[in-house]
Amino acid sequence: MKHILKTVDHTILKATTTWEDIKILCDEAVDMSVASVCIPPSYVKRASEYLKGKIKICTVIGFPLGYQTTATKVFEAKDAIENGADEVDMVVNISDIKNKDYDNIGKEIKEIKKAIGDKVLKVIIETCYLDEDEKIKMCEIVTMSGSDFIKTSTGMGTGGATLEDIKLMKEHVGKNVKIKAAGGVKSISDAEKFIEAGAERLGTSSICKILKNEDTTDY
């Protein structure tokens, strides 16, 4: 079980999240020794003070639709790092993918990576909205742009990670880019299959329920 837990970004990104929810999430994360907590940007500073370095903090920018301008995303990223984030999950502009404006996407990723330096960047491509050719192209763009991870989903779209997507990403992404599966991890079996297929990070808000074999309907 430890090999699964060390890949987990223990996540809470729902609109109604309270500070009490964040504290519970952080305590659970410490107890389970997961990879990180993934939380809203507005809670990063308080969570950093609360955790005192016990667990890495991940947050999101351009979330969940990716429509923010590059300048806005860069500001969000810098602000998150200044407040104590160790990792940043950014959403690309899906419209840019549909418009085949890949140069703009690559430039944006590079600017955000430059802004956060040696902190970890994960690029969310929202696979549920993409066809196979678009997914392959985004693997290439993310690889060339210097991101640390490519991530399947926000968990807010029409679908989450699939085993087929992870296998496709593993085939086409560069060897220096890791894969994060998110929004589709509903059981221990799911987690094991995603890891076996090539995912090195799992984003889920359901890990506690998964460990108890309870129903999982959340992100």
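Glycine residues also receive a Cβ, built from the backbone N, Cα and C atoms like all the rest.
Computed from a predicted structure; not experimentally measured.
For Asp89, Lys180, the entry in Swiss-Prot reads active site, proton donor/acceptor. Positions annotated as active site, schiff-base intermediate with acetaldehyde by Swiss-Prot, on the basis of sequence analysis: Lys151.
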Cα-Cα, Asp89 (active site, proton donor/acceptor) versus Lys180 (active site, proton donor/acceptor), nearest Å, comes out at 10
Integer Å value for the Cα distance linking Lys151 (active site, schiff-base intermediate with acetaldehyde) with Lys180 (active site, proton donor/acceptor) is 5
For Lys180 (active site, proton donor/acceptor), which residues in the same chain are close in space, meaning a Cβ under 8 Å from its Cβ, but six or more apart along the sequence? Asp9, Asp89, Lys122, Phe149, Ile150, Lys151, Thr152, Ala199, Glu200, Arg201, Leu202, Gly203
For Lys151 (active site, schiff-base intermediate with acetaldehyde), the number of other Cβ atoms found within 10 Å of its own Cβ: 29
